[in-house]
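Undergrad: Questions regarding the structure given below will be posed in turn.
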């Protein structure tokens, strides 16, 4: 937007027609390069497994899935559309106002005409600053903008550009950049992970104090070890499951009562079956139950309900029901192992009879066992379907901050991976894993994101500019800005978290805005290296500087430390790298100009008028037509004309 406004002022004073076409021809390429580059860069960022980054990218991209699913406004595509269509339309309205001689603040008001005759000096100034209607379409001399010393343009022309051309200043800029990159790498290495809830709340408030006290003294979180998958065989892997549970319990942050883990669904099932077995054996010893058939003996006291349930379970295995040879010989639990052949029969009975303990265990069976109730009929207890999902609960403590939580996740994940390799598919689940597990690979994912987006910057600018060297320079500046920003974030105490990662990713897009314009202007400028630097900065310094300064006054809805400070640092780094380092690098290793005038000057001659171009085109058409005539037609002409045709051909 600032680029369009800056060049509009110059074009209005140098062109007398087709002003909007010339304006878009000069600035449209820069707008398209930066906008398309940002869109594709955020597309590349969406592939990384950072939830905050994916959410941020999906909100700013023109994505058809986002449109149909979320019906939200699309920032980048709307920005490109506005810059290429809506904003030029407003400029066109202002151009009509200028031509009509109306005021700018009061649109309908006519401008006042001074009655006094202008002096010779003022006439010359007017002729040098505004286009004359009798002049040709293209000016013969360069346009000179009136820039007092106290303006940004005056500072640029009189101080900044001459200073930047000195070798000592170039050396200082390059050495400062090297030191900044080294400092940035060190800061990124020492940055701590985390985003505590107390950091989000305003300082010196009761909620912030409460959250800090909670994190310090009540750092208590539930956790589940999940067994899942069709490959798992729970009845035959009971010992491995117990070993897995004990291994998780040996980690540093698991809560234990007197050195023992809390019970879970399989231990509760085992205790319940053992209690049934004990009741059944006691009734046999009392002579209440027949030791061969397991049925109640007539004339004796009625067996306990537990003994009746135990007999039904002992005789049930799979879909079969048979008590012969099982009463007194088969035990439901032996050496701490539940009988595998009847495991799912026992599971159905426990799920329906001791249902309260099932919910206490938080097992969450999937698929759940079938409904069943005890009846007088001699039928087997229906077996449950093979479990595809179940949970083992744990409780964790001393998770005071993000680094400690990440250490816990690493320990638990290591145990889970070991037993997954042993044939027990599992994974941890819980609040700590849901919100903090992304920190395990946050640094690596951020590095991959920066690499992918930098490559996207290089590819897009190479295709649009047809100059890989210029694209490489833009990419280098963007990477330098990102590294320096990461280092300063660590120095100012901004922790590494998904929010700061999104800020660093957005810094790539912002950095492209500050560098692509300058590189494109340098690439299309003519003359020597110093002349091209002068022309490049004259056209791009002021609008780029305006765009950078506007970021300082943006509204940030989050904590000052995570947005305002970071964005302010980004503005400073963008000013230095985009308007100091980049021009120095362009003068040293910049790409060659796209056009080189034959006379070695810094301007191209004005093209001929349309009438002259039409006359030349017509003459060339007649000449080419005579050159391609058939031989017979030529021979029918008089010899004099034939000779002239040959002369014309030889002349050409």
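Residue numbering: from 1, along the chain as shown.
Cβ atoms here come from the backbone N, Cα and C positions, even for glycine.
Copying in the features that TrEMBL gives for the protein in this structure:
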- 1-68: domain 'SSD' (DOMAIN)
- 39-62: transmembrane segment (TRANSMEM)
- 74-93: transmembrane segment (TRANSMEM)
- 168-189: transmembrane segment (TRANSMEM)
- 444-466: transmembrane segment (TRANSMEM)
- 472-493: transmembrane segment (TRANSMEM)
- 505-525: transmembrane segment (TRANSMEM)
- 537-556: transmembrane segment (TRANSMEM)
- 563-589: transmembrane segment (TRANSMEM)
- 621-652: region 'Disordered' (REGION)
Undergrad: With the transmembrane segment (168-189) as the reference, which stretch in 444-466, 472-493, 505-525, 563-589 has the largest tally of C-beta pairs below 8 Å?
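TA: Checked against 444-466, 472-493, 505-525, 563-589; highest Cβ contact count belongs to 472-493.
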Undergrad: Out of 444-466, 472-493, 563-589, which stretch has the largest tally of CB pairs under 8 angstroms to the transmembrane segment (505-525)?
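TA: By Cβ pairs under 8 Å, 563-589 leads among 444-466, 472-493, 563-589.
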Undergrad: Please give the sequence-distant neighbours of the transmembrane segment (472-493): residues at least 6 beyond its ends with Cβ less than 8 Å from one of its Cβ atoms.
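TA: Residues 177, 180-181, 183-188, 190-192, 450, 454-455, 457-458, 461, 500, 503-504, 507-508, 511-512, 515-516, 519, 561, 565-566, 569-570, 573-574, 577-578, 581-582, 585-586, 589-591.
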